[in-house]
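So the structure is just underneath, and the comments pick up after that.
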Amino acid sequence: MAFLVFFLSNLVLTLFAAIITTFISPAAAGSGIPEVKAYLNGVDAPGIISLRTLIVKIIGSISAVSSSLLVGKAGPMMHIGACIASLLGQGGSRRYGLTWKWIRFFKNDRDRRDLVTCGSAAGIAAAFRAPVGGVLFALEEMASWWTSGLLWRAFFTTAVVAIILRALIDVCLSGKCGLFGKGGLIMFDVYSANISYHMADVPPVLLLGVVGGILGSLYNFLLDKVLRVYAIINKKSVTYKIFIACTISIFTSCLLFGLPWLASCQPCPLDSTEDCPTIGRSGNYKKFQCPPGHYNDLASLIFNTNDDAIRNLFSKNTDAEFQHSTMLIFFVTCFILSIISYGVVAPAGLFVPVIVTGASYGRFVGMLFSSHTNLNHGLFAVLGAASFLGGSMRMTVSLCVIILELTNNLLLLPMIMIVLLVSKTVADAFNGNIYDLIMKAKGFPYLEVHVEPYMRQLTVADVVTGPLQVCHGNEKVGNIVHILKTTNHQGFPVIDEPPHSESPVLYGLILRAHLITLLKKRVFLRTPVRIGSDAFRHFSADEFAKKGLGNVDKIEDIKLTEEEMEMFLDLHPFTNASPYTVVETMSLAKASTLFREVGLRHLLVIPKRTT
C-alpha cells in the first residue's frame, strides 16, 4: 500500500508538470540557466522570459520537485527571477492587461538586460539564502556585460531578497508554514563549531578535487549525450515527451522504494540529539521496515527532501551514522537519476542534484580515509559537493561563496578554494561546463569571453558575407518592405549617395523595429527630400521604445497600396548617427572582444580607403 501511494503520487505530479510544460510553455522545461545566459549574451529566443513561462515554471517546478524526481529548484528559481525582472522591465503584460506606466524607464534593450541580470541574481539568492553568492553567480556565469552600476543594483536586489526571506522565515517558525521555516529552504548551518586541519589532511582533499573533476566531466559528457537522445525522441511527437517523463517517474519510484531493502538496519545511537527513529516528515533516522530502536540509513537519505538529505550528509558528529555500502549505493543512484531526470519536459534544476551527488561521493571518500585524517565525514561531504560542483559547472568564486553561506563557516574557505580550483582545472582538460554544453545542444549561439587563437590570424573582412542590405537616407517604401521581407536582420546601415552627398558615405544605423514603426505611421513623402526635425511631430518616444514579449510588430501585418509603395521615407531623423564601426583590416579577435565587452548588438565594417 505504501509503494502504491508513493508510486501514484509521484506519477501524477510528474504527469501534471510534463503536461503543463508541453502544452502551455515548452520554454519552461529544464533549469532555465542556459536560456537566460543566452538571452543576456544577445539571443532573444521566443518565450524564454514571458508571463506564461513564469507561471508554468513556478507550478511545474513545485510539481517536479515534489514528484521524487532528482531535480533541483535553484535553476528554476533563477529563471523565475529573470522572468519577473523582464515583465517589470517591459511594464507588465499588455496581453493580460497587466501594465504599469511608471516603470517605462526600462523600455530599452540595455536596461532590460541589466534588470534580468539582477533578477537572476535574486533567484539564486532566494534558492540558497546566499545574497553575495547570488551576485557573484550572476557576474561569473550569467552576464556577458558587467559594470559597477550593475554590481550595486544586483547587490541591492539580493539584499532585499535576504531581508524578505528572513522576515518570512521568522513568521513561519511557529510551524504553521510546513517545512518553510524549518528546513524547506537550503540553510545547513552544520559547522558552527571550530574546525582544525593540518598539512596531513591536504593530500586527501587534493585527491577529492582530482576525482571530483573527473567525475564532473564524466557527468557533463553523459548528460550531454542523454539530452541529445531526448531531443531526437521529443521531436517525434508530444506523446513521446509525456511518455518519457512518465517512464522516468516510474523507474525512479521503483528504484527509490526498492533500494532501502538492500540496506541493513542500524541500532539507534544512544547520544542522538533527535528522535530515533524519526517521528514526522524530516529527520536523520527513518524507520522504514526496521524493528523498534533501529533505523535504515539509506531510507533516511532517500525518503527525505533533497535539502534534508544534504543536511544529513553535511552534519558533524555523525561518522557512525552511515555504512560504506549505503554511501556507494546512494552516490551511484543520484549520479544516474540526476542525469536521466534532467531531460524530462518539466522545470528541473541541476544545482541541488549535483550537491547531493557530490556530498555522497565526498562522504564515501571520507569513510575510506577516516583512519588517515582528522577531518570528519560531514566536512568531506561539504568538500565533495564543492569538487563535484566545480567539476560540472566550472565556477570558482561564486560557488565558493555560496557554499560558505550555506555552511555558515569561514574556516572552510581555504579547503573549498583548493578543491574548486583543482576540480575545475582537471575537468577543463576534458570538456566545457554543463550550461555551455546544454546551450550548444539546444542550438543557442553564444559569444565566448575568450577568442579562439585562429581569430588573431583573420581580419573582419575575411568573415563578412554578402550581399549587404542597406537603406538610403531617402529610401523608397517598396525597397524598405522588400528588405524587411527578404532578411531577418535586426539592423541596417543607412548611406547617403550623390546628389545628397558628395560621395557615398555611411550616415548611421537604423533598427528593423523602427522601420516597421515608420511604415505603420505612413509618414510618406512623394519626393525624396529631407524633412529634418519636423518628422518628430508625428511620433512619440513611446512608439520607438523596445516592445514587450509577444508585442513585436511584423512586416507581414502591414498592408500598403501600390501608390504608397512608390513613395519615399526620410530615414535621417530616426537613424543612429553614431554606431560603432571598425575598418575592414581590424583583427577579428579585437573586433570580437570589442563586441562583447561593450555589449553591442551591431558592429559595422567599413572599407579602408586610400587617398
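The backbone N, Cα and C atoms fix where each Cβ goes, and this holds for glycine too.
Annotation source TrEMBL lists signal peptide at 1-29.
Sequence annotations record features per position, and here TrEMBL assigns transmembrane segment to 53-71 (among others). Listed by sequence, the residues of this chain that lie at least six past the ends of the transmembrane segment (53-71) yet keep a Cβ under 8 A from its Cβ atoms are 6, 9-11, 13-14, 16-17, 20-21, 24-25, 27-28, 32, 47, 77, 79-80, 83-84, 87, 248-249, 252-253, 256, 306, 334, 337-338, 341-342, 344, 346-350, 352-353, 356.
Taken from TrEMBL, the feature transmembrane segment covers 115-138 (among others).
Residues annotated as transmembrane segment in TrEMBL: 150-168 (among others).
Residues or ranges marked as transmembrane segment in TrEMBL: 180-199 (among others).
The transmembrane segment feature in TrEMBL is assigned to 205-222 (among others). Only residues 6 or more beyond the boundaries of the transmembrane segment (205-222), in the same chain, are considered here, and those with a CB under 8 A from a CB of the stretch are 335, 339, 354, 357-358, 361-362, 365, 375, 380, 383-384, 386-393, 415, 418-427, 429-434, 437.
Long-range contacts of the transmembrane segment (242-263) within the same chain: residues 2-3, 6-7, 10-11, 14-15, 17-19, 22, 67-70, 230, 233-234, 288-289, 296-299, 302-303, 323, 325-326, 329, 333, 337, 340-341, 343-346, each at least 6 residues beyond the stretch ends and with a Cβ under 8 Å from a Cβ of the stretch. If you look up TrEMBL, you'll see 242-263 (among others) marked as transmembrane segment.
Under the heading transmembrane segment, TrEMBL lists 328-357 (among others).
Per TrEMBL, the feature transmembrane segment maps to 410-430 (among others). For the transmembrane segment (410-430), the residues of the chain that approach it from at least six positions outside its boundaries are 191, 194-195, 197, 202, 205-206, 208-210, 212-214, 216-218, 220-221, 379, 382-383, 386-392, 394-396, 399-400, 403-404, judged by C-beta separation under 8 angstroms.
Residues 14, 17-18, 21-22, 26, 28-33, 56-57, 60-61, 63-64, 69-77, 79, 127, 186, 215, 219, 222-223, 226-227, 229-230, 234, 241-242, 244-245, 248, 251-252, 255-256, 259, 262-263, 298, 301-302, 306-307, 309-310, 313, 364, 385, 388-389, 392-393, 434 of the same chain lie 6+ residues outside the transmembrane segment (328-357) yet bring a C-beta within less than 8 angstroms of a C-beta in it.
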